[in-house]
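Chemist: Have a look at this one.
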Amino acid sequence: MLRVSSNPVVDTVVKLASTAVIMFAFVFVVMVPLYNVLCDALGINGKTNGEAYTSVQAGVDESRTVTIQFVATNNEGMPWDFGPSVTMMKVHPGASNDTVFHARNPLPQAMVAQAIPSVSPSRAAAYFHKTECFCFNQQPLDGDSSAEMPLQFIIDRDLPSDIHTITLSYTIFDVTDMVGGSIAAR
Amino acid sequence: MGDHHHGPAKGLSRWLFTTNHKDIGTMYLWFSFSMFILGGAFAMIIRAELFQPGMQLVEPAFFNQMTTLHGLVMVFGAIMPSFVGLANWMIPMMIGAPDMALPRMNNWSFWILPPAFLILAGTLFMEGGAPNFGWTFYAPLSTTYAPPSVTYFIFSIHVLGLSSIMGSINIIATVMNMRAPGMTYMKMPLFVWTWLITAFLLVAVMPVLAGAVTMMLMDIHFGTSFFSAAGGGDPVLFQHIFWFFGHPEVYIIILPAFGVVSQIIPTFARKPLFGYDSMVYATAAIAFLSFIVWAHHMYTVGMPVAGELFFMYATMLIAVPTGVKVFNWVTTMWRGAMTFETPMLFCMGFLVLFTIGGFTGLMLSIAPADFQYHDSYFVVAHFHYVMVAGAVFSMSAAVYYWLPKWCGRMYNETMGKTHFWISFIGFNITFFPQHFVGLAGMPRRIPDYALQFADFNMMSSIGAFIYGASQILFLYNVIATIVAGKPTSEAKTWEGAEGLEWTVATPAPYHTFETPPQVR
């Protein structure tokens, strides 16, 4: 056993105090990143990948049809009108699909929003590939104006065969006060 | 070191500057008892409001502050410091050491506690009221929606965490370095063993709690988004971090109680503890398992099935070492020449009621069934069976058991037994019906309830007032003993007692074991 001092009491104290400091650091440098990695890898909490998917040419599986439902929610205190242009689409795995969400800022001042996606069932999250999404970036909007926000996605051909319906939910948050800080979309 | 055999200093400075383990132990015990009364007062307000359905006494917002402060004060202010106090008093005397290894740090770890709780209790008088998010302070309730006093709450958690870490380092340093010659690890009394393992748990997880509240502080004041989905964080992460601390925490509370019971039952059964080695290994096994079961508190957050199964089986595994302990205590009593003085009554009450709490814990560990029990009064009943009938009963047993050694006076046995029976009956009237209302769907932490729960809730409240009153009797008995109890100078208060603490004079002199004893 490593000895840090010839006085056994000091030795014990130094080792234990270091353990306490390491455990404090462990929360920040291990637990937080590990949680995010696990959620990304396993699709826990329906988290989808935060970066654009580069499509691979694998062909469209026309024998299967999957229903995609879109849900939009405003976080508490978020005044925007926010919602999908269509609430439901029927798509084939492997095909590229486009839709738009509309947003309107009814207030006189400019605001910045961040949409956070969640996929249900969460098992499907890993098979829901977004090639373009407004959720990858913050969305600024001038006062009293509106915008169409595009979403482009591909359902993976390997989607488990028992999944017939996938719900993609967006919650839109007001991040006007946070802009400038480091905000990563997930 | 010229004046070697000085007694205690006089006046207030004796307590302020003392480095004597007995003085510090005494202060911890009185402090924790005053917190027990404060947390108990909060509980009485909760039960008074729940006496009848509808809103009678307090505003819902204040009710939430009461449930929050009751939990925080009882866990961090009453139970934990009481066992630290007991460790301070007894560990040096049990291992034949003259004092704790780090007496000055010992003074600090006590004296930063009262300010921490003064701040916590002070939040009641602040604008927006005291913390109202439950003792588990889940984000975003404790971040986005918290009252402004949350910052003071965070500071007090930091301070009491620091106190716990310093106290634990001291205990480990004492046990590892200051045992009397011949006192090998496997000859240590079980109370010392359970505290040694508890102290390691504390050093490992109190920093995790400090990390969790630091993240809250940063989210609230410094624009980070650890627990805010808007900034890419996740509120569920908070629950993982909290319970990674929180589950070992429940064993931090109960392991020293196991130690106390393992000291007292052999005394009154007049037989050595059955299965000493297996007791030590079971304690270590429980401590290890406590680190890999945390997510059983959060089955309903949406974990993968594999995760639910892992945490379910790992949790059930804890029943094995715990069962070993319960069987060992029962076997210790088997064919013993038993007598039923107050400490033994409390230990037997502990044994029966803690086992009931253990069984309801096993029920809660079943992931599919937990979806029904989650956040209901069944959970409240479960953890009060292990916290009150487990930790608090064993603490009462410890006070009656060692009080004659501490102050050289005998407590009133009739009053002690009365205290036990009123506690035992009051406790069961309070918490047993909560199993039923919980299974029937009454949620916890809500100031009102559906009409069909009215009878059981009234019963619960009556039981709570009885249990609360019995603690006043306890306080009276202890003070009466210290002031005017029958003097005793027998070194061994109990004929069946074993251990070094019973070899010193009664009352225990200010300094003991200045020359280490030789152990066999």
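Glycine is no exception: its Cβ is also placed from the backbone N, Cα and C atoms.
So TrEMBL lists these for the protein:
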- B:15-520: domain 'Cytochrome oxidase subunit I profile' (DOMAIN)
- B:28-48: transmembrane segment (TRANSMEM)
- B:68-89: transmembrane segment (TRANSMEM)
- B:110-130: transmembrane segment (TRANSMEM)
- B:150-178: transmembrane segment (TRANSMEM)
- B:190-218: transmembrane segment (TRANSMEM)
- B:250-268: transmembrane segment (TRANSMEM)
- B:280-299: transmembrane segment (TRANSMEM)
- B:311-331: transmembrane segment (TRANSMEM)
- B:343-367: transmembrane segment (TRANSMEM)
- B:379-403: transmembrane segment (TRANSMEM)
- B:424-442: transmembrane segment (TRANSMEM)
- B:462-484: transmembrane segment (TRANSMEM)
Chemist: Are the transmembrane segment (B:343-367) and the transmembrane segment (B:190-218) close, by which I mean at least 3 Cβ pairs under 8 Å that are 6+ residues apart in sequence?
Modeler: no
Chemist: If you count every Cβ pair below 8 Å, which range out of B:28-48, B:150-178, B:190-218, B:462-484 shares the most with the transmembrane segment (B:280-299)?
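Modeler: The stretch with the most close Cβ contacts to the transmembrane segment (B:280-299) is B:190-218.
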Chemist: With the transmembrane segment (B:424-442) as the reference, find which of B:28-48, B:110-130, B:190-218, B:462-484 contributes the most Cβ pairs under 8 Å.
Modeler: B:462-484
Chemist: Where does the mean pLDDT land for the domain 'Cytochrome oxidase subunit I profile' (B:15-520)?
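Modeler: Across the domain 'Cytochrome oxidase subunit I profile' (B:15-520), the average pLDDT comes out at 95.
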Chemist: Cβ under 8 Å to the transmembrane segment (B:462-484), counting only same-chain residues 6 or more beyond its ends: which ones?
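Modeler: Same-chain residues near the transmembrane segment (B:462-484) but 6 or more away: 33, 36-37, 40, 43-44, 47, 396, 399, 403, 407, 409-412, 415-416, 418-419, 422-423, 425-431, 433.
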Chemist: Counting only residues 6+ away from its ends, which parts of the chain sit with a Cβ under 8 Å from the transmembrane segment (B:311-331)?
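Modeler: Cβ under 8 Å, 6 or more out: 258, 261-262, 265, 273-275, 278-279, 281-283, 285-286, 289-290, 292-296, 299, 303, 351, 354-355, 358, 362, 365-367.
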